[in-house]
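For reference, the structure is listed below as structure tokens.
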DNA sequence: GCAAGGTC
């Protein structure tokens with residue numbers, strides 16, 4: 001018999017061929033199409049690989065005219081399948097004609113079923129010849145079993161996936177057009193709407209709103225330092241929400257010189273190893289070391305195709321039994337992790353950790369070959385190392401820590417001190433690059449003994465707003481809400497950026513992103529809610545289990561969409577106006593003092609700038625600050641009356657400043673003093689394109705004097721020059737120092753090199769137990 | 001020029 005096997009990706013074609021042919025398969029792969037042939041058990045096999053979906057749902061051409069066709073009329077429009085990769089489909093068409101059996105061997109999931117079915121349907125294959133091989137890992141056992149127990153293809157499962165396609169396209173296309181047309185954003189500036197992107201955007205909008213509306217609540221912590229080590233003890237009633245209550249305690253303990261140890265226990269804590277990497281956690285951890293999810297996926301794909309790591313798109317956090325941990329470790333001996341690997345191999349037994357998520361699509365991400373940092377460079381190496389170290393951590397021993405709990409009584413008030421000391425670092429030894437250590441020592445104490453009080457402080461703090469999402473935490477939240485899939489989440493975030501809905505490293509929605517979300521919340525029929533995805537999910541389960549049909553589910557959804565589309569159409573003007581005004585406010589800076597026209601943000605080939613709409617008659621223009629996120633404001637500069645901008649820079653609080661860099665309000669705070677090199681120019685605070693600040697001479701390029709500035713904290717002029725080197729002295733975080741890091745007053749040449757961006761840690765934010773996200777802000781010394 | 005889902 002002649003048998004045709006269709007796989008989802010090239011690697012699967014290779015693995016299956018090798019397994020079924022006992023290694024005797026021959027690849028005839030062309031440039032575009034992977035084809036492998038072999039004989040086994042008297043049958044002639046041809047294996048062809050797809051590249052995921054090679055067909056795509058879209059509307060027929062007559063719907064291409066956005067202006068000419070009412071979006072309402074598209075609700076029930078019938079989409080067609082368009083061929084994306086003709087070369088593969090043609091090849092399969094040829095082989096199908098001469099095959100007696102066609103075996104779909106795509107991934108064993110909903111999309112896999114559809115990918116297979118849509119392909120055989122598109123080439124008009126005789127469906128009675130079509131069989132399905134179901135395997136959940138590309139191991140010898142699984143694959144052989146799947147091919148010896150072929151089943152019928154599951155039309156219902158494929159239907160479930162197809163229902164999703166149709167519903168996503170109709171809601172997406174109809175609402176995208178309605179929003180774009182009503183807001184006047186057509187052409188390449190169109191505004192998109194979708195089942196996944198719109199709820200994701202709403203997460204950011206909601207968080208932004210929470211932060212903007214946040215009202216800080218003050219609280220007080222009483223903190224003591226004890227004994228020779230001056231270890232920290234905190235009052236058990238922290239935080240105090242009333243200053244009076246805290247003051248009462250402070251005066252009660254005011255005269256105490258010693259405390260009494262009431263309780264003291266030491267215990268060992270076992271610290272478990274982290275779970276193996278699935279795609280989400282890999283993206284989260286990569287993001288922490290400065291590799292955003294989209295870059296991480298690109299690099300992971302690269303590492304996968306060149307054989308360094310396993311398949312990077314997986315939801316699994318449990319290594320399959322068939323995967324030998326020792327085997328992986330042996331391969332890693334051929335790398336610069338050799339010593340660490342050998343140490344791990346010395347364990348009596350190697351039992352890996354496992355996570356909660358268990359699926360059968362692919363194994364967790366693990367290294368499949370050794371590499372070294374002199375051959376592999378940059379972020380690729382950083383990601384590879386992360387994957388290797390994560391793997392090592394999952395097969396290393398547990399860590400142990402010594403935990404000390406201690407209670408000290410001071411004048412009838414109770415303080416608690418917690419000690420944490422790492423004993424056996426275990427797996428952390430291999431993963432410490434990516435961990436924060438937080439050791440705190442409490443010495444050995446005797447219960448009933450006295451202990452000296454070193455200090456008693458009342459620290460005033462206030463509750464803090466929740467953190468903004470970054471790309472890592474957003475991906476985690478999407479994962480939790482089941483928005484998108486492991487393969488698409490990073491692309492969805494990319495979409496929010498390219499549509500200008502969000503900006504910044506910490507994701508902030510733009511005015512238009514916010515306005516769009518608000519309008520859709522009101523009129524979008526639930527498109528901004530994650531529940532639309534959960535409803536779809538349960539509908540798909542119903543279809544695949546035969547409790548509902550594709551036709552019914554699609555019809556129900558489109559009936560809803562029809563109502564929504566009609567309503568929006570009837571209120572089109574009003575619906576679009578909110579978005580239009582948000583778009584205007586995003587661009588509008590203020591009125592031009594020369595000609596009275598609007599000044600707006602404009603784009604040139606050198607980037608964005610502020611220009612007068614009266615151009616070319618009026619040429620008034622201002623540069624925009626570099627390397628920063630800019631928001632427009634409605635306030636005017638008290639100095640010159642021009643408009644002000646809100647400047648948001650990484651690691652710094654937002655600053656409101658005048659659009660004119662020459663305005664006194666800007667020069668005063670940026671001019672640090674006379675240049676000690678040329679004695680002509682002024683040393684000013686400036687920003688590089690990347691947003692890093694430094695100080696440089698205004699006579700540049702004639703004078704090239706520059707100084708690095710500490711990346712965080714406030715820098716202000718002091719008006720004085722350094723007595724030792726003559727460079728300007730500045731106020732840094734309230735204290736004075738010479739701007740010159742090489743100056744003797746700052747320890748001369750012992751200066752550390754500037755901190756690498758990726759390794760900058762967030763400044764300490766210690767949380768208070770009862771309220772979320774609280775942190776210490778100001779200190780008041782009392783004792 | 002529309003979505004989201006595969007994969008490269």
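Each residue, glycine too, has its Cβ placed from N, Cα and C.
Summarising the annotation, TrEMBL assigns domain 'Toprim' to A:2-138. For the domain 'Toprim' (A:2-138), the model's pLDDT averages out at 94.
Sequence-distant contacts (6 or more apart, same chain, Cβ under 8 Å) of residue A:53 (site 'Interaction with DNA') comprise A:84, A:111, A:114, A:115, A:118. The feature site 'Interaction with DNA' is assigned by TrEMBL to A:53 (among others).
Taken from TrEMBL, the feature site 'Interaction with DNA' covers A:164 (among others). Contacts of residue A:164 (site 'Interaction with DNA') defined by a Cβ separation under 8 A and a same-chain sequence distance of 6+ are given as A:536, A:540, in order along the sequence.
According to TrEMBL, the feature site 'Interaction with DNA' maps to A:168 (among others). Within the same chain, residues at least 6 positions away in sequence whose Cβ sits under 8 Å from that of residue A:168 (site 'Interaction with DNA') are A:194, A:195.
Within the chain, the region 'Interaction with DNA' (A:192-197) has long-range Cβ neighbours (under 8 A, six or more residues past its boundaries) at 167-168, 171-172, 175-176, 179-180, 478, 483-484, 488, 492, 495-496, 499, 516, 520, 524, 527, 532-533, 536. The feature region 'Interaction with DNA' is assigned by TrEMBL to A:192-197.
Taking Cβ-Cβ distances under 8 Å and a sequence separation of 6 or more, the neighbours of residue A:313 (site 'Interaction with DNA') in its chain are A:279, A:362, A:486, A:487. Per TrEMBL, site 'Interaction with DNA' is recorded for A:313 (among others).
Per TrEMBL, the feature site 'Interaction with DNA' maps to A:499 (among others). Residue environment of residue A:499 (site 'Interaction with DNA') contains 20 other Cβ atoms, counted within 10 Å of its Cβ in all protein chains. Residue A:499 (site 'Interaction with DNA') carries neither a helix nor a strand DSSP state and counts as coil.
As annotated by TrEMBL, compositional bias 'Basic residues' applies to A:749-764.
For the domain 'Toprim' (A:2-138), residue counts in helix, strand and coil come to 47 helix, 37 strand, 53 coil, using DSSP.
In the three-state DSSP assignment, the secondary structure recorded for residue A:164 (site 'Interaction with DNA') is helix.
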